[in-house]
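A.B. asks: Straight from Swiss-Prot, here's the annotation block:
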- 54: active site (ACT_SITE)
- 71: active site (ACT_SITE)
- 25-145: disulfide bond (DISULFID)
- 49-133: disulfide bond (DISULFID)
- 83-98: disulfide bond (DISULFID)
- 94-112: disulfide bond (DISULFID)
- 20-148: domain 'C-type lysozyme' (DOMAIN)
- 58: N-linked glycosylation site (CARBOHYD)
- 1-19: signal peptide (SIGNAL)
């Protein structure tokens, strides 16, 4: 009887991370409120396009890379340089746990993405952006989303 009670209690304590996949327009509104539109010269369309090609708007996206590092969250931010997972050698330049980049609250992910754009070569950090968004008309990405 005690074992059943303990198991029930443990079941309540386990946190399950449910994948959150945003819509294009919901992200446009979140990104707009976070002042990403024209941040460092990159339009809102750049951010929406990049997030689509990096994670398909999935906050819990993870990609294991050949070098042993992992890309996390909606922006696919790398553990080797930008966030802390479990490895001690990581630089953690965003001063954030990688798990914080995979929540429905995009605050930490947006702050870190801004830091990446500011401290590196803009949005060139993201291969999805370079291949699919750079130099293109991105006005369609926010069309119909009720953002300016």
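First residue shown is number 1, and so on along the chain.
Note that Cβ sites are derived from N, Cα and C of the backbone, with glycine treated the same way.
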A.B. asks: Taking the Cβ of residue 54 (active site) as the centre, how many other Cβ atoms fall within a 10 Å radius?
C.D. replies: 23
A.B. asks: Quick check: of the recorded positions listed here (25, 49, 71, 133, 145), which one has the Cα closest to that of residue 98 (disulfide bond)?
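C.D. replies: Minimum Cα distance from residue 98 (disulfide bond) across 25, 49, 71, 133, 145 lands on 71.
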A.B. asks: Within 10 Å of residue 54 (active site), Cα to Cα, which of the disulfide-bonded residues 83, 94, 133, 145 are there?
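C.D. replies: None, since no candidate lies within 10 Å.
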A.B. asks: In which DSSP state, out of helix, strand and coil, do we find the residue listed as 'N-linked glycosylation site'?
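C.D. replies: Strand, per DSSP.
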A.B. asks: Whole-number answer please: how many Å between the C-alpha atoms of the residue listed as 'N-linked glycosylation site' and residue 94 (disulfide bond)?
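C.D. replies: So the alpha carbons of the residue listed as 'N-linked glycosylation site' and residue 94 (disulfide bond) sit roughly 20 Å from each other.
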A.B. asks: Using C-alpha positions only, work out which of the recorded positions 49, 71, 83, 133, 145 is nearest to residue 94 (disulfide bond).
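C.D. replies: Minimum Cα distance from residue 94 (disulfide bond) across 49, 71, 83, 133, 145 lands on 83.
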A.B. asks: Could you put numbers on the helix, strand and coil content of the domain 'C-type lysozyme' (20-148), residue by residue per DSSP?
C.D. replies: 54 helix, 14 strand, 61 coil
A.B. asks: Give me the count of other Cβ atoms within 10 A of the Cβ belonging to residue 112 (disulfide bond).
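C.D. replies: Taking all protein chains shown, residue 112 (disulfide bond) has 23 Cβ neighbours within 10 Å.
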